[in-house]
Amino acid sequence: LQLPGSLGTPVLVLSGNITFIAKVEAKDLLRKPNVKWFKGKWMDLASKAGKHLQLKESFERHTKIHTFEMHIIQAKENYAGNYRCEVSYKDKFDSCSFDLEVTGKIPLVSVSGDGQDDAGELDFSGLLKRREIKQQEEEPEVDVWELLKNAKPSEYEKIAFQYGITDLRGMLKRLKRMRREVKKSAAFAKGLDPAYQVDKGGKVRFMVELADPTVELKWYKNGQEIRPSAKYIFEHKGNQRILFINNCMMTDDARYYVTAGDEKCSTELFVRDPPILVTKGLEDTSTYVGERVELSCEVSEDDANVKWFKNGVEITNDPKSRYRINVEGKKHTLIIEEAAKNDSATYSVMTTGGQSEAKLSVDLRPLKISLALEDQTVRLGQEIHLKCEISENVEGKWYKNGQLIEASDRVKLYHKGRIHRFVIASAAVDDEGEYMFVPDAYNINIPCKVHVVDPPKLHLDGLGEGNTVTVVAGNKLRLEIPITGEPTPKVMWSKGDKWITDSGRIRAETYPDSSCLVIDAAEREDSGPFRITLKNEAGEDTALINIKVVDVPDPPEAPNVTEVGEDWCIMTWEPPANDGGSPILGYFIERKKKQSSRWMRLNFELCKETTFEPKKMIEGVAYEVRVFAVNAVGISKPSMPSKSFVPLAVTSPPTLLAVDSVTDTTVTMKWRPPDHIGAAGLDGYVVEYCFEGTDEWIVANPELTDKTKFTITGLPTGSKILVRVKAVNAAGESEPRYHPQPILVKEVVEPPKIRLPRHLKQTYTRRVGETVNLVIPFQGRPRAKVSWQKNGSPIDKNQINIRNTENDTIIFIRKAERSHSGEYDMKVEVENLEDKATIDIQIVDRPGPPEVVTIEDVWGENVNLSWKPPKDDGNAAITGYTIQKADKKSMEWFTVMEHYHRTCATINELVIGNEYYFRIFAENMCGLSEDATMTKESALIAKDGKVYKYPVYDDFDFSERPLFTQPLVNTFAVAGYNATLNCSVRGNPKPKITWLKNKVVIMNDPKYRMFSNQGVCTLEIRKPSPYDGGNYTCRAVNELGEAEVDCKLEVKGKGFKTSQVPCLSEHHLHRSQKYARQMQKGVETNFLTFPDENINLVRTK
């Protein structure tokens, strides 16, 4: 960096202009260097460019010189000071500083290499407030407040360190407050400046000028009024009011303001410590790698804030850092425990009042080889261990054949002191080569050689069981056997006594890492054992390999069609006489219409059996089928076609045959159409019956009936008959559908029974205005009579509609009202028998508001309210209350509590000085009341409140002995299907659960699995047999007692029928018949339950 010689020429007068020029040679630079102009230590002049300061730059392509200019226009006295120009490019850096003095006549500019200690500040915004006398010369004082206001946030910490600011965060908060307080005052003709600064021990002067001198004036510091004293002195000069603060200390660093009537003017006072000076600087030091280094300096005060730098980069006292900073009073020391080559640098120390720097030079010691590497010969798989020792404790690198070796899971590199080791736990062939260790920073290497040997070995892992290789006849076999060995072994192939050469149809090919047996156009005679032998100087290896030549199988014989259905048939065939040397894996089947030549594949997965059932054929069309045999080699030729056949079948049996009604001489049966009718259609049904004890079936309808309901007439009273129904079409009669039980020809009186739905066994609740529509089924024959009453009185049919049928009754209310609430009694009568049921209907509405709300007490920020429940609860229990508050000024309501259950509450966190009203809504299942009850009086939250004493409550005892809330139930299980027993229990402490079978504890039996989750206890019995039936008990025990619950489990054989179920009523019989019909359809039914008799039929998968 060069400056023109004219800089020292006095060409500038006060308010004149001056230009500084810096030129940078760029012959070796790829891009423009970075140039910065500074005034003082940290002020970057790029941010001050404007009317009085301009920065320009240019580039001359021929000379490759960059020119940078700084123009100062209309210079002022405060422009004087130290300036610095810095240029940087990548890791290169240069700088030059110079001093500028501005006088009323001639400016003096001097250039020096070090002008940092007396650097001034360039201020273009009037930052300077006053000047103070320093040690050698008078310099302008910097207003830190103005500097912070005009600085970027990223420069705050730098400014804080330079000017000794300890509470930077507090100053920034006060600075933010200063920026907001900008408004004109009518009482003050001239107010306080936004901020003042003074050195510790100095004196500061605050002055305001009043518009009215008669106004009383008061001064405050952090909100506390200032009284006159030796420290605080007040002066009056006309309209001016002056406050002097003598001997300023750090405690005087605060916010000050003065009040004149109702108006206030404030400012901030900043007291800063004097700068810290470096009394004893750093000294240049030279040392060797690994030695301890200490760089020390002394400053003017104890425990001062000092920063260390390495090549201009700050060094932090981080525990993980190699550098450690030690402070003992005024002495500061930078310690490097084990110096490294890269520690050579320029180290500097900086304080708020000065800096010092020194150079550290770290050199290497002469290196000697104490133990050299040795050549090694190792067997494959053994450990390779290379070791060397040198005179210095330095790092190093390992090389193999000139390539750098990195540490990995297989290669371990160790360094301890002066010893370096290289270890490979299991040597491989690739590990052979020349190894070398090179110490870091030294031009020396330690070489050795490693030789790896390996006996020959055959790798037959890829062959099948018994080293058998299968090849299809006519194909080429190329069998590659991987081989290893060092040096490369000799390979020999043979079959019997004949050696195989490297030419001919059967030949051997040898490669460095494998050997191949090649057979062109394999024949069945090539089957047999082949021997391979390996030999080298380390040993030999041999193995037998079986070659098997296979072919496709012969075609099967023509298939036979044994049975024909609606759209299906059953065909069989015999396996082929020759399987081609490989087992038959399965068969493919094809079919075609007799008049067509296009065959269609019927199965895409191999058929393992010699029987198949083709489906989805068209009735009345002739078909033919054929078969292909498949083995591991391929598919055989097709068999001869079968004889042609035509699909045609009757319908499936009718479904859901049941008794509709019985009289003394007739039986009416009903059923559903067949599931499968077919293309032949359905002509009608034949109903047949026979008397119990005989085998003679009598046709009840000589002519076919097309209806699914028929009445058999002319039957003797008291007899029992069996009934069956057949479906008839063009193909004939279907299989009959039998009624499962004999039917007694006698009108049976069925006792009345109301089947009340489960949700009506509890209170039935509806809101006002909703529709009530209840269907209650019942049973009873003949001619059941239904009657209703409400609260013991007949029902008014103008308000409530009742409709009765043979099997149910319906109660309907179009628009419910609260008057419809009550107990509804239903009675069903059959002759002299009757059954009753009661339904409790509750019509609910929103509640009324609570009664009087009273303010019981007010203390602190809390108000205690109490109220009475509403008179009208809406015909439903009150579930809670919603409390709202409103400020008396705005009367805007805000919710403070919801779903509150008690009739007294304490409202917290109210604003002191406000006055509140409160209102309360009542709430039930329908919602909040339409109106709310408000307090008649308001609650004023006074500033001085009394302390509320919270009541003390005793802890609730949750201890409880075990109690079963849901017992076990008697259960039927199906043999071979898992069964479960369930119950629920509660208790505190949590009870221990034990299961017993026939009073014997079940322990460590894999047939049983026990679960307990959230109080629900489950015992799972895996695939039970009749032996697993018996009495099962669940026992719960804790320290307060025990409880037991038991049940009976009965296990039935697979495929049980509904006749095995102990039905105790016709209703149970009907449900069991429904279950049997579902089982015939393939419907999975998990539970069949009879709640009246506490019986379960369990069928689980």
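A Cβ is built for glycine as well, from the same backbone N, Cα and C atoms used for every other residue.
Bear in mind that TrEMBL entries carry predicted annotations, made automatically and left uncurated.
The domain 'Ig-like' (274-361): residue composition by secondary structure is 3 helix, 46 strand, 39 coil, according to DSSP. Residues or ranges marked as domain 'Ig-like' in TrEMBL: 274-361 (among others).
Marked as domain 'Fibronectin type-III' by TrEMBL: 555-654 (among others). In this model, the domain 'Fibronectin type-III' (555-654) carries an average pLDDT of 90.
The domain 'Fibronectin type-III' feature in TrEMBL is assigned to 655-748 (among others).
Residues annotated as domain 'Ig-like' in TrEMBL: 752-840 (among others).
Broken down by DSSP into helix, strand and coil, the domain 'Fibronectin type-III' (849-944) contains 0 helix, 49 strand, 47 coil. Summarising the annotation, TrEMBL assigns domain 'Fibronectin type-III' to 849-944 (among others).
Summarising the annotation, TrEMBL assigns domain 'Ig-like' to 962-1046 (among others).
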Structural state census, the domain 'Ig-like' (752-840) (DSSP three-state): 6 helix, 52 strand, 31 coil
The domain 'Ig-like' (962-1046), counted residue by residue under DSSP: helix, strand, coil: 3 helix, 54 strand, 28 coil
The domain 'Fibronectin type-III' (555-654): DSSP-derived helix, strand, coil residue counts: 0 helix, 35 strand, 65 coil
